[in-house]
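Chemist: Dumping what TrEMBL says about this protein:
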| type | residues | note |
| --- | --- | --- |
| BINDING | G11, C12, G13, K14, S15, A16, R116, R151 | ATP binding site |
| BINDING | S15 | Mg(2+) binding site |
| BINDING | D33, R57, G78, R134 | substrate binding site |
Amino acid sequence: MNRIYMIGFMGCGKSAVGRRLSFLLKLPFYDMDKEIVRQTGKTIPEIFEEHGEEYFRELETQFLQNFKNDHCIISTGGGVTMRKANQKIMRNTGLVLFLDAPFREIWRRIHRDPNRPIVRQSTREEIEELHKARYRDYKQTAHITIRTEFRTLRQITQYASFQVKRLKGE
Ligand SMILES: Nc1ncnc2c1ncn2[C@@H]1O[C@H](COP(=O)(O)OP(=O)(O)O)[C@@H](O)[C@H]1O
Ligand SMILES: O=C(O)C1=C[C@@H](OP(=O)(O)O)[C@@H](O)[C@H](O)C1
Ligand SMILES: [Mg+2]
């Protein structure tokens, strides 16, 4: 299949860049978190509070296993690479783009956001540890790593588009 997946830590820009890239490449856009909210009728914090993180992880895997559309852009949630099965599905069904943002920038963007339950429950130090712990999985899963520091959303989107076309031989 011919999908484009955006991966990376919370706040690295997956949703924002994914949406812009979908306009640029004229492809439908899906945000996994939004799809899960739509399917369950619950917000992400509600799912975490009522059922726990493991249940949310299961919903992510089910989404990846059951999703049928091809030729589209999918922005994932920052924890999607925690499961090897998810890594495998993504690599086997599309191109995987990792948005690599510096932690201080990530923290600035996410620390006051009430919609990210993991941030709400943790200290800055804990989130920084999580960023470090996940970094290798992002790198290993991605076909392309894009460093976002000092780049605007527009520049990142254009660079992503260029890399996608290059890898597809267009
Ligand atoms: N390169 C960037 N420059 C400026 N703002 C950015 C950049 N990348 C992301 N943002 C902003 O940071 C916030 C978090 O981005 P978002 O796309 O929701 O991240 P993610 O989906 O990876 O968690 C949004 O308000 C977004 O517009
Ligand atoms: O990193 C994580 O474990 C999570 C990231 C979130 O998505 P974003 O990466 O879009 O913030 C969302 O899936 C959930 O809050 C858990
Ligand atoms: Mg997002």
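Any Cβ shown, glycine's included, is placed from N, Cα and C.
Walk me through the surroundings of each of these features.
Modeler: A16 (ATP binding site) counts 17 other C-beta atoms within 10 Å of its own C-beta, drawing on all protein chains shown.
Counting Cβ atoms from all protein chains shown, S15 (ATP binding site) has 18 others lying within 10 Å of its own Cβ. Under DSSP, S15 (ATP binding site) is assigned to a helix (H, G or I) in the three-state scheme.
Of all Cβ atoms in the protein chains displayed, 16 besides its own lie within 10 Å of the Cβ of R57 (substrate binding site).
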Chemist: Which binding-site residues from the set C12, R57, R116 come near ligand 1, judged by a Cβ under 6 Å from any of its atoms?
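Modeler: Those binding-site residues that pass the cut-off, since their Cβ is under 6 Å from ligand 1, are C12.
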Chemist: If you run the three-state DSSP split on R134 (substrate binding site), which class comes out?
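Modeler: Assignment for R134 (substrate binding site) reads helix.
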Chemist: Taking 10 A as the limit, how many CB atoms besides its own sit near the CB of R134 (substrate binding site)?
Modeler: 19
Chemist: In whole Å, note down how far the CA of G78 (substrate binding site) lies from the CA of R116 (ATP binding site).
Modeler: 10
Chemist: Give me the count of other Cβ atoms within 10 A of the Cβ belonging to C12 (ATP binding site).
Modeler: 26
